[in-house]
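Trainee: Features from Swiss-Prot:
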ACT_SITE  HIS117  active site, pros-phosphohistidine intermediate
BINDING   LYS11, PHE59, ARG87, THR93, ARG104, ASN114  ATP binding site
MOD_RES   SER119  phosphoserine
MOD_RES   SER121  phosphoserine
Amino acid sequence: MAIERTFSIIKPNAVAKNVIGSIFARFETAGFKIVGTKMLHLTVEQARGFYAEHDGKPFFDGLVEFMTSGPIVVSVLEGENAVQRHRDLLGATNPANALAGTLRADYADSLTENGTHGSDSVESAAREIAYFFGEGEVCPRTR
């Protein structure tokens, strides 16, 4: 299988619960290498730009408000079939449908405050990584 990169966000509600280390441990236990990470507090402009595909949808303003309500942790994960494996670890977007043992089952508070984000395709991952990480900020660790 090919090595892929995927993009992950630990959202404000999960950061506030002080579970960053627990989530990182689960990434590593699942076989991912964390090849880039940083904590930041999104501006409204950054959040609107990142979620631009949802502009005009009924939940958009609430999503932007939530994502700017506190710090987030953005990360680049590397591994075999990383996009799908990461999504499996996250669980269903709606935590009510998330299987036990997934990150959203464990850390989500609601559909909007679902604790985590993960890229839905290799193409989305590349776009999302480039949105938050510049040249030289992602360090390959595959060996």
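Cβ coordinates are placed from backbone N, Cα and C, and glycine is handled just like the others.
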Trainee: Calculate the distance in Å between the alpha carbons (Cα) of SER121 (phosphoserine) and ARG87 (ATP binding site), and round it to a whole number.
Mentor: 10
Trainee: Please report the number of other Cβ atoms within 10 Å of the Cβ of LYS11 (ATP binding site).
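Mentor: Other Cβ atoms found within 10 Å: 23.
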Trainee: Between the Cα atoms of PHE59 (ATP binding site) and the residue listed as 'active site, pros-phosphohistidine intermediate', find the distance and write it as a whole number of Å.
Mentor: 16
Trainee: Specify the secondary structure state of HIS117 (active site, pros-phosphohistidine intermediate) as given by DSSP, simplified to three classes.
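Mentor: For HIS117 (active site, pros-phosphohistidine intermediate) - judged by DSSP and reduced to three states - the answer is strand.
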